[in-house]
Each structure stands twice: as structure tokens, then as C-alpha cells.
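OK, TrEMBL features for this one:
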type: SIGNAL; residues: 1-20; note: signal peptide
type: DOMAIN; residues: 8-134; note: domain 'Ig-like'
type: DOMAIN; residues: 144-231; note: domain 'Ig-like'
type: REGION; residues: 234-253; note: region 'Disordered'
type: TRANSMEM; residues: 260-281; note: transmembrane segment
Amino acid sequence: MFFPHSLPFLSFSFNLLVVALEEKIIVSKLGDNATLSCIYQGRELHLKNLRIYWQIADDQEECSVVHALISGQDNESEQCIHFKNRTQLFWDRLENGDFSLLLLNVSQSDEHTYKCVVLEKTEYTRVIHQAEVVLSLAASYSQPILSGPIRNSDSTGEEVTFSCRSGNGYPEPNVYWINKTDNSHLPPSELKITPHTDGTYSVFSTLKVKATSNMQIECSIENKILRENLSANYTQQKQSNSSSTGSHKNLEKNGRGAQAAGIVSIVILIGLLAVLTCWLWRRRSSKHVSYTGNE
């Protein structure tokens, strides 16, 4: 009887007699299903003569069996508890030499190098195919949020602080601060990476620099496994602009008030002139009557 724990020895013994070890690297996102590839491109096979073992190749723990199929039936007797009800072979592909394994709902603890060993038993048991698959896991980080100072027009030369945050990613990211005026990298003042219960990370970083008249700062979050690079750019905000805008609005408001006051003053002046003219006319008329009477 062939036991899984003897696989490393048998694999080594038969390696020179069979095919070279095939190795692949796949990347899966946390919580997704991952397909570990193991494809034999030789002659036609009969399931009843096959034994297919998937095992962890990079771990020295006592339990290393991920999935086993013997004589056309799944064998769970030595399967690691961690993989119970989480592995499936593609039954419609087996006789065509596709022994790939579907691993459900992957997590960080599934990051391993996996080995597929296919044995055929006819007159004697022999290894007809081997493959190794390196499973790397990743999760995309959220779009970084970059906060910067609201500058005064006279703040050039003063120390200002930028902050950048992102989350829900895996594995730990690389964080870069970049001066876009010359594309130089700036050392962060603070970098804090926090793990969460679901295995993902959040990142928070700050940058302190001397203010210049034309600051262009970028925060970049890199996930090497996914080859993702998310960035956010600082849009310079000058308080003097908002102040001058406010002043312009105040001046416009004051101008309208002054214009209204001027109109009111003119109306009052015209009224006063009308009253004065009327009074003078009446007085002149009364004097003329008195003079006539005296004659």
C-alpha cells in the first residue's frame, strides 16, 4: 500500500525515471477560489489504475495531505482538517490528464507550495507525472486618500504635513512619497501598517516637508503581487485665494450697498431741492401779494 507520507521519498526516487518537475506560480485574491494546475499530456489513462495526491511541499508539519484520489474515489482519511470540504478535482477532466485541484475560499494560511503527484498502478506502481504550484494571495488596496495643508501666501519655507491612508489590502504594501516637480522620492515621517482580523492590512503615513511656492506631492501605494500601484496627488490650496475671493465678494457686496445708498441720497437731495424750491416760490408769491395791497 502506498502512503502519502512516503511521497517525498518516492518522488525523489522516481524523478529520474519520469518527467521533470513542472512548477507554476499563481496569484489569487483573498476569499476567491484558486485552481492549482496539474496537467499530464501523455497517453490515455484509466482512473481505476491511478492514485492522485495533492500535498503541501514547503511545510514540515505532520499533516501535509491536501487531497487524495485512489482508484477513482476521493480518500479523505488522511486529509488535513484545514482542507476538509474545501478541495475538489475536476471529474470530467481526469481521464484527459487534467488533475488540477480547486481550492475554495482561500486565506493567508493557504499560501504554500503545493505538489501534485500522479501514480499509475499496473504491474507495479510508478510516478507518471509531478507538478508544483506556488500559491500567492493578494487583495487590492483602496484608492489612497491624501490630505495636505491649506497654505497661506506667506507660508513658503514653513514645515507642512501631508497624510495618506489606504486599506483592505494584502500583503503589506510599499508606500512611496514623491515630489512630482523632480520625481524624487521623499522619506515618510511616519508609516503605520495595521493588520485586521480578516487578514488584510490598512496603512497610514505622514510626510513633513518645507513648503515651497509650487508644491506637487504624490502618495503611492504599491501591491507587488498584484502589480498594482495606486496613487493620489496633492492639489495645492492657497488660503490667500479663498481670502481674496471672499474679499472680492465683500467688495462687490459693499459696492452694491454704496450704490444703493448713493441712489437714496440723490432721491433725498432731489426731494429737499423740490421742497426748498416750493418754499421759495410760495414766499415770493406772498411778498408780491403784500406789495400790491400796499399800493
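For all residues, glycine too, the Cβ spot is worked out from N, Cα and C.
A TrEMBL annotation is a machine prediction, not a hand-curated record.
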Looking only at the domain 'Ig-like' (8-134), how are its residues distributed among DSSP helix, strand and coil?
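Here the numbers are 19 helix, 53 strand, 55 coil.
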Counting by DSSP secondary structure, give me helix, strand and coil numbers for the domain 'Ig-like' (144-231).
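Its residues fall into 0 helix, 53 strand, 35 coil.
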